[in-house]
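What TrEMBL lists as transmembrane segment is B:21-44, B:64-83, B:104-132, B:144-164, B:171-191, B:223-240, B:247-265, B:669-690.
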Amino acid sequence: MSLTVTDLKFHYNTSQHCHYHFRLTKGQRVGLIGRNGAGKSTLLKLIAGELSAKSGEVSINGSALTRQPQQYLSKLGYVPDQFPDDKGYRVTDFLTLVLACKNISRSLDDLLADQGLTQLNIGELLPLSLQQLSLGQKQRLSLVQALLSQPECLIMDEPLNGLDPTQQQQFWQILKQQTNNTCALIASHHLVDLAEHCQRLLFIDDHRLVLDLNLDSIKYMAVNTSIINNTKINETDALLHDKVIGFQQEQNFNQYLLQNDSNILLSGKTLTVLTELFRYQASGEWQW
Amino acid sequence: MAMVISIARLQLKQLLKSPRWLILLSIYCFVIAIFSNQFSFQFITLQASNTSQLSLSGILFSPLDNLAVFLLLLMLPLIVLQLRPSRIASGLQRLLSSYPVSSFKLWLADWYAMLVLLLFFYAALVFIQLPILISATIDLPLFLTHWLALVLMSLSFMTLFLLLQQLTNSLLSSLVIHYSVLFLFWIIQLLQQWPDYFYVVQVINLFDWFDRLSLGLLSAQDILAFVIINLSFIVLCYCFSQQKTRFILLTCGLTLLLLFTLRLFPLNYVDTTSNQRYSLHPVLAEQLAQTETIKITSYGLDEAARREVNLRLLQPVLSRFAETKITHEPLNRQSEQQRNSQSNRGVLFTIGNIPNDKSGQRLNTAVNQQTIWLDYPFVEHPQRYLLRSLAVLQHRNDNWVLFVEGQDEASISQQGQRHLSTLNQALQSRGFQLSQLSLKQAGSIPDNTALLVIASSRQDWLNSASQSLMTYLQTGGNLLWLRDPEDISFEQLESYLGITKLDGVIVDPAGYQQGTPHPAIVLHDTFTDHPINQSLKTLVAFPWSSALVPLTKGTTKWHQQTLLTSHPNSWTEFQPEQENMAFNEQQGELQGEFQTLIALQRNQGVRQQKVVIAGDSHFLSDMAINNYDNKQLALNIFYWLTQTPDELMPTLVEPVDRYLKLTPLAHHLISWFIPFVLPLLLLLSGVILWRKQKR
C-alpha cells in the first residue's frame with residue numbers, strides 16, 4: 001500500500017509553479033514540514049483531489065486520481081486545514097452524510113467502536129451543530145470522518161491545531177493504531193511531535209521538495225554553509241542534499257565535522273539541528 | 001442511485017430545517033391565499049351577475065397557478081442558494097470533493113432534494129385551493145393541464161438554477177446570476193413582440209412553451225420541449241462536472257436543433273377546456289368552409305392581446321383552414337375601417353364569396369369581398385361574435401334597421417350628446433344596414449325592415465305615422481323603443497305594448513356611491529337570464545332614465561321579461577336639476593326597484609315578434625355608449641331584435657366549472673384561516689427555528 005506522487009505540477013499563476021515527486025510506503029507516517037506559504041496545503045489539496053494538477057499523477061496502490069478518481073478517493077482519508085462550519089448541519093447529520101458519500105452501509109456506532117475511535121468522545125458531539133464546535137472538537141471530528149472508511153492513505157493538514165496536550169497524545173496513539181496498514185502524510189508545524197512520531201520528514205519550501213529525511217536512518221545532522229562537492233561521505237549514511245547531511249553513525253558524523261569545520265553552519269542531533277534550522281529560517285538568517 | 005438518494009435525503013433534511021425555507025413558504029402561502037380569497041369572491045360576484053361563460057378555471061385556478069409559478073421563479077434562487085453555494089461558503093463542498101462521490105452525483109442529490117421541496121410548495125397550493133375544490137365542480141382535464149404546466153415550468157427553472165450554480169463558487173454571484181437569467185427570460189419574453197425578427201429567441205423562451213399549457217391546450221410539442229430542455233440541463237450539468245467543454249457546446253447545439261425541429265411541425269393541440277373555448281366551433285367551421293378566401297388582419301395589438309387573439313380565433317381557424325392569410329399591423333397603420341371605428345384595436349376579418357342563405361347562390365362580385373371588424377378586447381367569444389356578423393351579412397340584402405326621424409328623435413347621422421353616430425359606426429362595422437326613415441314622408445314602413453328604432457320622440461306623431469307604426473307592429477315587425485323622461489306620451493303605442501313610463505328621472509344613490517358622476521346615472525350590475533344580457537361582464541349605465549311599468553298586467557298577449565332593474569333604494573326624481581336631490585314622497589315621487597329595460601315577445605304566425613323597450617336612449621348616445629358594457633348591451637339588443645337565425649348561432653356550451661357555492665367552513669378557511677393563520681404559523685415556525693439555531 002503506497003501513495004505515489006509522480007512529477008506532479010501545479011501552476012498558481014504564470015510565475016509560480018510547483019513540482020513534486022515522492023512515494024510513501026505502507027505503514028509510513030510522514031511529516032510534512034515547511035514555513036507558512038511554502039506550499040504544504042497546496043500539496044495536500046492536490047493529493048486530496050481538491051485542486052487539479054497541470055500534469056503528473058497521484059495514485060494510491062495503482063489507482064490514479066485522474067483515471068480512477070472514485071477508486072482513488074475511496075482509499076483516501078483527508079483531514080483538511082479548515083473544517084466546515086455549516087450551521088445547518090448537526091454532527092450526527094454530518095457523519096451520516098460522510099457515510100452516504102463514502103458509501104458505507106454500517107451504522108456509525110459500530111464503526112466508531114470497531115475502529116477504536118470511541119476515545120475521541122465523538123458521542124458527546126453528536127447533537128451539536130458544526131458551528132458550535134470548538135477548534136479541538138472540529139479536529140477530532142475531522143479525524144473521525146477521515147478514518148471512518150478505513151483509508152489506505154491519510155492526508156492531514158495541521159491536525160494538531162486546537163488539540164490540548166492530552167488530545168494530542170490521543171491523536172498520535174490513534175494514528176499509530178490506524179497506520180499499521182496505512183500511510184499517512186501529516187503537515188504540521190509541531191516539529192518535535194513530528195520528529196518523535198514520524199519515520200520520515202519531507203521539507204518543502206517555495207513549492208518544491210527540498211529535503212526528504214528518513215529519521216530511522218539519521219541520528220545526527222550537519223548543515224553546510226556552502227555547496228558540498230566531492231564529498232566522501234558514505235552515500236548510504238547520508239541523504240544527498242546540497243546543504244544538509246545526515247548520519248546514522250556518530251563516527252562518520254564526527255569525521256565530517258573535523259574535515260569541514262569552517263563550512264559547518266549547524267551540527268548535532270537531528271531534532272536539535274532541525275529546530276535551530278527552523279529558527280534561522282524564521283528569522284530570515286538562512287534560506288533553503 | 002442509492003448513494004444519491006441517501007445524500008438527497010440529508011440535503012432535504014437540511015433544507016427543511018432551514019428557517020429561510022419556512023419564511024419563504026409563509027410568504028408564498030400568504031400571497032397565494034390572499035389572491036385566492038380575492039379571486040373567489042370576485043367569482044362569486046360575477047356569478048351573481050349571471051355572467052355567461054364564467055369559469056373557475058379562467059377566473060381562479062389559472063391566475064392562481066400562474067401566480068404560483070411567478071412566485072416560485074422568484075423564490076427558487078433563494079432556496080437553491082442553500083445547496084452548493086452554501087456548502088462552498090461553509091467549506092463542506094471542499095471536503096465532499098475529497099470523498100468518492102462525483103460532483104454530478106452531488107448535483108443529482110441536490111436535484112432530488114429540491115424536487116421533494118417543490119412538492120411542499122405544490123401541496124401548499126393544493127391546500128389553499130382545497131376549500132374551492134370541495135365547494136365546486138372542477139373542470140378536471142383543464143385543472144390537470146394547469147398543474148402539468150406549473151410542474152413543468154417550475155421544474156425547468158429549478159434545474160436551470162441548479163445548473164447555473166456550477167458556474168460560480170460565491171453566494172452573491174450565484175444569486176446575481178440566477179436573477180440575471182430570470183431577467184434575461186423576461187427580456188426574451190418582451191422580444192416576442194417582434195416574432196418575425198426574433199424567431200430564434202422564441203425557441204428558447206420557456207414562457208412561450210408554458211403559455212399554451214397554462215391555458216389548457218395540451219400539445220405533444222410543448223411537453224416534448226420541456227422534456228428536451230430539462231434533459232439538456234441535466235446533460236449540461238454532467239458536462240460541467242466532467243469539464244467536457246466540447247460536449248457542452250454539442251449539447252447546446254443539439255438542444256436548439258431539437259427545439260427548432262419541434263417548431264417546424266404544425267401546432268396540434270387538444271383543447272382540454274370543458275366548453276372547447278379554444279377550438280373552432282363546428283357551425284363557424286361550416287360557414288367558413290363555404291368561403292373561398294379568408295384573410296385576417298389584426299391592428300394595434302400588443303403581445304398579450306395578440307396571444308389571446310391567436311388562441312381564441314387565429315389558431316382555431318388556421319387549424320382548419322391552413323391557407324388563411326394572417327397579418328399583424330402595428331397601431332400606427334390603421335385601416336380606414338379601423339379609423340371609422342371607435343376602437344383602435346381589433347381584428348379585421350376579410351372573407352370572399354359568402355352564399356346568400358335564401359337563394360343559395362353566391363353574392364355578386366361587387367359585394368363578395370366582405371369585412372367584419374372585431375373590437376379588442378373581446379366582450380364575448382370572438383368566434384360567436386364572428387358568426388353573428390356572418391349571419392347579419394347573409395341577411396343584409398333584405399334586412400334593414402330603420403331609425404325613425406321627424407319627431408325630434410336622436411339621430412344616427414349626427415354627432416352629439418344625444419345622438420347615435422357611434423352606435424351607427426359600430427353597427428355598420430358589424431354588417432348591419434342602417435337608414436333613417438321619416439314616416440311623414442314615406443307614409444309606410446318598408447317590408448324589408450328587420451327592425452324599427454324609435455329613439456326618444458320629443459314631438460307628437462301624426463296620426464298617419466302612428467297608423468303606419470301600428471300596422472307594422474300588427475304584421476309582426478320588430479321594434480326598439482328608447483324612452484326618455486322628456487318623451488312625449490305615446491298612449492296608443494303604450495297601450496298596444498302594455499308598457500308605460502313613470503314621470504321623473506330615476507335617481508340611483510347606490511350608483512353614485514360607486515363613483516358615477518351624477519346620481520341620475522343608474523348603474524345596473526345584476527342581469528337576468530336572457531340572450532340580451534349574455535356576455536355582459538361589468539356594469540351598464542343608464543343616464544337620465546325613466547322607469548317603465550306594465551299597464552294592465554295580464555291583459556296583453558306579449559310575453560314580458562324584465563332585463564334590467566334599478567337598485568331598490570332608487571326613486572323617481574321630479575327635479576333632477578337640483579343640487580341636493582332627495583326623495584320626496586309628498587310630491588308624488590316613488591321609491592323602489594324600477595324596471596329600465598323590458599323585452600316583449602309574441603308569436604306572429606311562424607315567426608316570433610320581438611320588442612325591446614328601454615327607459616333610456618342616452619345609454620346608446622355618443623356620450624355614454626363607450627362607458628362600461630353599454631356598447632355590448634346595445635349590440636346584444638340589435639342582434640336579438642334583428643332575429644339572427646338561431647340555427648346559425650352556436651350553442652354556447654357552458655363550462656362545467658361555472659358555479660361556486662362556498663360552505664360556511666370553506667368560507668372561513670378562505671377568508672381568514674388560510675390567508676392569515678397558516679402563513680403566520682409557518683412564519684412563527686421559521687422564526688423559532690432561526691432563534692434556536694442562533695442560540
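Here, residue 1 is simply the first one shown, and the rest follow in order.
The backbone N, Cα and C atoms fix where each Cβ goes, glycine too.
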For the transmembrane segment (B:669-690), distant same-chain residues with Cβ under 8 A (at least six beyond the ends): 17-23, 25-27, 29-30, 33-34, 36-37, 40, 127-128, 130-132, 662
Seg_contact(the transmembrane segment (B:104-132), the transmembrane segment (B:171-191)) with at least 3 CB pairs under 8 angstroms, min sep 6: no
Any contact, the transmembrane segment (B:144-164) to the transmembrane segment (B:223-240), with at least 3 Cβ pairs under 8 A: yes
Considering the transmembrane segment (B:171-191), which listed stretch of B:21-44, B:64-83, B:223-240 counts the most C-beta pairs under 8 Å: B:64-83
